[in-house]
Amino acid sequence: MSTQRKSTLSGNTRPSATSIYSETTLNSNDEEDHHRLSRYYSVIYTHKADIYHVLERQQGKRTLIYHLSVFGLTLISLILGAISTIDECQSALNGPLYYVELGLSIFFTYEFLLRIWSAGCVAKYRTWVGRLMFVTRSVIVLDIVTLMGFILCIATGITTGRFPETVLRFLPLLQMIRFIRVDRQLSSWKILQEIISTHHEELTITIVIGFMFLITGSYLVYIAETPEDQSLYDGPYKSMADSMWFSIITMTTIGFGDLYPKTFIAKMVTTTVCYLGVAFWCLPAGIIGSGLAIKVQEQKRDEAVSRLIPAAANVIRNWWRLRCAYQGNRFVATWKFYRLMQRRVDRHILPVFAQHMDSASPITKLPISGSFDMSLFRRNHIGSTRKTQQDDIRKKSVKSIDDLPKRYVTAIKIIRILKYSCACRKFHRAKHPVNLNEVVHENTQMTNRLSAILNDIQRRLDLTLGTKKPAPHLVVEEKRQISLSARIEAVEHVAIRFESKLNYLERLALNLSENH
C-alpha cells in the first residue's frame with residue numbers, strides 16, 4: 001500500500017510555483033531573468049556533458065583526437081626522460097625536460113579539475129558525496145598520486161629550472177605511471193583479468209607443471225655438473241641458484257650463453273628438460289591468446305544482441321498497434337490524436353509565423369473590373385472550411401471508431417501497416433547483418449557469371465559475322481562454312497545462277513518467237 005500523502009487540493013485550485021511567485025515577488029523583469037538563468041544553466045549543463053563525454057568516454061571523433069593528443073604528449077615526455085638518463089645528454093636536456101614536465105603538469109591539473117567539474121552531469125556524481133565517490137575511483141586516485149609526485153619533483157627545481165640528479169633517477173617511474181593512465185577505462189586490464197579468471201584452472205595447472213620441470217631440471221643439472229668435493233670445482237654452477245637461472249633462461253628460449261653444461265649427463269638432462277619444459281612454459285601464452293579471441297567473439301555477439309533487442313521491441317510494439325487498429329472499438333487509444341506534438345507546434349512555430357506576418361508587406365487594393373474573380377474567395381473558403389473541420393475533429397472527444405471519418409481510419413491502418421513492415425525489415429537487418437566477406441564473394445560470383453555470359457554472346461556474334469576469333473583450331477575454309485556470311489554468299493551465288501538461267505530462257509524464247 002502506498003504511503004505517499006495525497007494533496008487535498010484539486011488540479012484547478014492547486015496553485016503552481018509560477019503563479020505563487022508571480023503574485024508575490026516576481027514581476028515581468030524577474031520572469032525574464034528567471035528564463036535567462038534557466039537557459040544559461042541548460043547551456044552550462046550541455047557543455048558539461050560534452051566535456052565529460054570527451055574526457056571519460058572512448059567514443060566519437062573528438063574523443064579519439066583528444067586521447068591521441070594526450071598519448072603523444074606522454075610518449076614525448078617519456079622519451080625525453082629516457083634520453084636524459086644518458087650522461088652525454090643529461091646536461092643538455094635537463095632544462096627543456098623541466099619545462100616540458102611543468103607544462104604537462106599544468107595541463108593535467110587543469111584536466112583533473114575539468115573531470116571533477118564535468119562529473120556533475122551524471123546523476124550519481126551530482127552531489128558532494130557523488131564527487132567524493134568520483135574522486136575515490138582507482139583511475140582518479142592514480143591521477144592524484146601522479147600529479148602530486150610531479151608537483152614535488154617540479155618544486156625541487158623551481159629556483160634553478162632544472163631537475164636534481166636524485167629526481168632524475170625517479171622521474172621515469174612517474175612518467176611510466178602517467179603513461180599507464182592513458183587507458184582511462186582500464187578496459188585492457190579488465191579484459192585480461194576476465195580472461196585469467198575464466199581460465200584460472202588451466203593456467204594454474206600449466207604453471208605448476210612448469211615449475212616442477214624447472215626445479216627438477218635445476219637439481220639434476222646441479223648434481224651432474226658439480227663433483228662430490230665442492231672445493232675442487234671451479235665451474236659456473238657453484239650453487240643451486242646458478243642452475244635454476246640456467247634452467248629459466250633455457251626454458252624461456254633466451255639463452256644468454258653465460259652458463260652452459262659441460263658434462264654429457266648434464267647435456268642430456270638439459271635436452272630433456274628443455275623439450276618438456278618449453279612446451280608447458282609456452283602454454284599460458286596460448287591459453288591467454290585463445291581466451292582473448294573468445295572474448296572478442298563474445299563482445300561481437302553482445303553487440304549483435306544489443307542491436308537486436310531494440311529492433312525486436314519495435315516489431316512487437318508496431319505489431320500490437322497494428323492489431324489494435326483492427327480490433328475496432330476495443331482499444332479506444334488507437335484512434336485518439338496526439339495533442340502533445342500539436343501543442344509544441346503551436347508554441348514554437350506560431351510565434352515565428354506571426355513574426356513573419358507582422359513583417360510582411362501591407363495589403364494592396366485589387367483593381368475593380370467588370371468581371372470579379374471569386375475563385376480566390378472560394379479557395380480560401382474551402383481551405384478555411386477544411387481547417388475548421390480538422391480543428392473540430394481534433395477537439396472532438398473520440399470514444400469509438402465511429403467518431404472518426406472513414407478516411408482517417410483507413411489512413412491510420414495504412415500507417416500502422418507501413419510501420420510494422422519497416423520494423424520487420426529493420427529487425428531482419430539486425431538479425432542478419434551484412435557480412436563483407438559474403439558480399440565480396442557474391443560480387444565475385446556475379447562477375448564471373450556475367451563474364452561467362454558476355455563471352456558466350458561474343459562467341460555467338462563471331463560465329464554469326466564470320467570473324468577470325470572463334471574456333472582457332474579450324475582452318476579458314478571450315479570457319480567460312482560455319483559462319484552466317486558464308487551462307488549468305490552461297491545464297492547469293494544460287495540467286496545469281498538462277499538469274500542467269502532465267503535470262504537464258506528469256507533469250508531462247510525470243511529466238512523461237514522470231515523464227516516463227
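Yeah, the Cβs are placed from backbone N, Cα and C, and that goes for glycine too.
Note that the coordinates shown come from a computational prediction; the quantities given were computed from them, not determined experimentally.
Positions annotated as compositional bias 'Polar residues' by TrEMBL: 1-28.
Residues or ranges marked as domain 'Ion transport' in TrEMBL: 65-291.
The region 'Disordered' annotation in TrEMBL covers 1-30.
What TrEMBL records for 64-86 (among others) is transmembrane segment.
Nonlocal intrachain contacts for the transmembrane segment (98-118), taken as residues 6+ away from its ends with a CB within less than 8 angstroms of a stretch CB, comprise 48-49, 51-52, 55-56, 73-74, 76-77, 80, 131, 134-135, 140, 143-144, 146-147, 150-151, 153-154, 157, 161-163, 171, 178. Residues or ranges marked as transmembrane segment by TrEMBL: 98-118 (among others).
Within the chain carrying the transmembrane segment (139-160), a Cβ under 8 angstroms from the stretch's Cβ atoms is held by residues 98, 101-102, 104-105, 108-109, 112, 115, 167, 170-171, 174, 177-178, 180-181, 184-186, all 6 or more beyond its ends. Among the features that TrEMBL reports, transmembrane segment is placed at 139-160 (among others).
TrEMBL lists 203-224 (among others) with the feature transmembrane segment.
The transmembrane segment annotation in TrEMBL covers 273-294 (among others).
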Quiz item: Which sequence positions outside the transmembrane segment (273-294), separated from its termini by at least 6 residues, show Cβ-Cβ distances below 8 Å to it?
Solution: 191-192, 195-196, 198-199, 202-203, 206-207, 209-210, 213-214, 216-217, 220-221, 247, 250-253
